[in-house]
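If you look up TrEMBL, you'll see Gly117, Thr118, Asn119, Gly120, Lys121, Thr122, Thr123 marked as ATP binding site. Taken from TrEMBL, the feature domain 'Mur ligase central' covers 116-318. What TrEMBL records for 341-468 is domain 'Mur ligase C-terminal'. Per TrEMBL, N6-carboxylysine is recorded for Lys226.
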Amino acid sequence: MRLDKLIKALDEGGVDYRFHLPPGISAAEIEVSDMVCDDGKVCRGAIFAATKGDRRDAHDFISQAVAAGSPVVLCEREVEERVPQIISPNVRAAMGRVASFLYGEPAKKMTMIALTGTNGKTTSTFMTQAILNAAGIKSGLMGTVQNDDGKSVDEAEHTTPEGCDIQRLLSRMAANGCKACAMEASSHSIEQGRINGLGFDRAGFTNLTWEHLDYHGDMEHYFLAKKKLFDKYMRNDWKACVNIDDEYGRRLFHALGERAISYSVRDERADFFASVKGVTEKGLAIEVKTPESRGGDEARLPLFGDHNVSNALQALSIAWSLGVSYRDSLAVLETIPNVSGRLDLYRLDNGASCVIDFAHTPDGIEKALSALRPICAGKLVIVFGSGGENDKSKRPAMGEAAARGADFVILTTDDPRGEDPASIMAEIEPGVKRHGTPYAMIVDRRAAVYEGLDRAGSGDVIVIAGRGPETRQLLKEGAVPLVDREIMTDWCALRGRKVL
Ligand SMILES: CC(=O)N[C@H]1[C@@H](OP(=O)(O)OP(=O)(O)OC[C@H]2O[C@@H](n3ccc(=O)[nH]c3=O)[C@H](O)[C@@H]2O)O[C@H](CO)[C@@H](O)[C@@H]1O[C@H](C)C(=O)N[C@@H](C)C(=O)N[C@H](CCC(=O)O)C(=O)O
Ligand SMILES: Nc1ncnc2c1ncn2[C@@H]1O[C@H](COP(=O)(O)OP(=O)(O)OP(=O)(O)O)[C@@H](O)[C@H]1O
């Protein structure tokens with residue numbers, strides 16, 4: 001796209017910016033084709049968006065970006081480099097809007113769906129995408145685990161990418177024939193304006209529990225950040241699907257009025273309701289009521305836990321609101337593959353089971369353990385830690401949830417980042433001590449998992465929680481490769497055990 005055309009689009013789109021064009025440069029002679037916010041990713045023709053982060057001010061990298069081929073910068077103050085400058089007071093919040101015009105407003109070509117909430121976003125987003133794809137509505141996906149542009153799948157860096165990365169991904173989805181995009185909207189991304197430049201046709205709210213209070217301060221502000229999605233980012237004729245089993249979900253449901261569709265695993269009056277009729281080692285038998293049926297529709301989900309029934313209802317209600325029959329959706333959910341690292345269950349040849357799960361909040365731990373209790377004939381053991389340099393207040397509550405739900409707790413290291421792993425464990429420990437559950441503290445994660453597996457005999461279930469499919473452990477010294485599933489398979493190899 002020619003720069004003068006982009007500038008015209010920004011003017012017509014009402015974007016708040018000031019344009020600085022150094023003398024002797026013509027905007028009509030500059031081609032821009034991409035936008036990045038990391039100077040290491042600059043290629044010829046890419047606009048460099050200079051954000052201010054927690055650690056660095058990217059204005060310091062503008063000269064490197066220009067040298068690498070950036071013909072234009074999006075920045076917060078005029079800089080010396082002799083390049084055209086799109087100047088905006090908050091680049092992080094502006095880049096999504098600017099990039100949306102650069103990439104031809106790709107979101108407008110698709111049905112846009114955003115799912116928010118503390119837990120369950122990834123799972124519900126996967127389910128929604130699978131249902132839409134099966135219904136012939138080709139759908140892309142953006143989320144914590146991966147980004148899918150309709151052709152290829154890449155590992156994700158963030159739950160919700162930066163604004164320019166969102167728009168680039170959407171343009172690839174549109175080019176690959178996607179008619180919809182199901183994405184996760186984290187509270188950070190809403191608060192920072194990473195989703196600016198987007199409008200949504202459907203949004204979902206899964207739940208709001210203790211997490212990210214280091215960032216939001218308290219639950220009220222955390223809720224208000226999530227609520228902004230529904231107040232500021234919805235298009236005409238939007239609908240929202242809301243979990244009314246959650247206290248904040250009920251509040252949101254009442255605030256949204258007739259736009260809201262409710263779902264519940266507790267309250268039969270909800271628009272979508274499901275109850276668990278049976279639990280086996282293969283999953284759950286559920287009965288479902290929808291706005292079109294009075295109940296009696298049965299389905300077998302290859303998943304565990306009420307929380308996954310809730311996630312299934314989130315996806316079912318979103319798809320139904322887009323015209324997909326609930327029976328077709330249930331058929332898809334009956335064969336849905338497990339989302340990587342979400343209650344991945346491995347049966348070992350000694351009769352024990354090992355489960356890898358991403359639970360990293362008090363509620364996630366509680367839900368994961370209560371999902372596994374019905375299929376645990378023996379002892380339920382949990383191995384987990386808590387991430388460093390994020391919400392410290394949740395640590396004792398995580399310990400308490402683990403001690404309440406498990407028969408044995410092993411505290412260990414998660415991603416300590418710059419913090420001392422033993423100090424993090426010491427902050428979880430008081431919560432564990434509130435119950436009489438026996439526990440151990442083993443700093444080295446591999447040794448902790450080995451200890452859990454060594455303890456597990458026939459009928460026992462050991463849950464390795466907190467990291468799901470993550471591949472790198474973030475230590476003070478830097479990132480090291482570490483995959484929980486590989487620790488389990490290494491243990492099997494060492495002890496001569498097999499995964500069945
Ligand atoms: C690692 C880290 O601390 N990152 C925080 C930081 O991001 P940042 O990328 O701006 O980092 P920075 O190092 O300060 O760099 C500033 C800018 O300079 C650029 N740069 C930097 C170095 C360089 O050599 N060249 C260069 O161009 C960077 O690309 C960046 O644009 O500053 C941002 C603004 O305050 C934070 O949002 C961000 O948190 C990262 C993204 C993060 O993961 N935050 C978490 C809490 C988060 O957002 N999580 C949610 C999911 C939450 C959930 O639901 O669980 C998410 O959506 O991912
Ligand atoms: N609906 C739910 N309610 C409570 N806990 C859940 C729910 N769904 C999943 N969990 C738990 O939370 C963990 C993370 O689930 P999932 O990845 O679907 O959520 P998320 O919202 O994407 O999380 P994050 O944004 O932190 O990646 C799961 O491993 C499980 O232990």
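The backbone N, Cα and C atoms fix where each Cβ goes, and this holds for glycine too.
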**Asn119 (ATP binding site): tally of other CB atoms within 10 A of its CB** = 23
**Prompt:** Just how many other Cβ atoms lie inside 10 Å of the Cβ on Thr123 (ATP binding site)?
**Reply:** 27
**Asked** Taking the centroid of the Cβ atoms of Gly117, Thr118, Asn119, Gly120, Lys121, Thr122, Thr123 (ATP site), which other same-chain residues have Cβ within 8 Å of it?
**Response** Leu115, Ser124, Glu184, Thr206, Asn207, Asn311
**Complete:** Cβ neighbour count (10 Å, all chains) around Gly117 (ATP binding site) is 26
**Prompt:** Which binding-site residues (Gly117, Asn119, Lys121, Thr122, Thr123) fall within 10 Å of Lys226 (N6-carboxylysine) by Cα distance?
**Reply:** Gly117
**Request:** Using a 10 Å cut-off, grab the number of neighbouring Cβ atoms around the Cβ of Lys121 (ATP binding site), all chains included.
**Result:** 26
**pLDDT averaged over the residues of the domain 'Mur ligase central' (116-318)** = 96
**Prompt:** What count of other C-beta atoms do you get within 10 angstroms of the C-beta of Lys226 (N6-carboxylysine), across all chains shown?
**Reply:** 24
**Chain-internal residues, separated by at least six, CB under 8 A from Thr122 (ATP binding site)** = Gly143, Thr144, Val145, Thr159, Glu184, Val339, Arg342, Phe358
**Item:** Site with most surrounding Cβ atoms, counting all protein chains shown within 10 Å, from the binding-site residues Thr118, Gly120
**Value:** Gly120
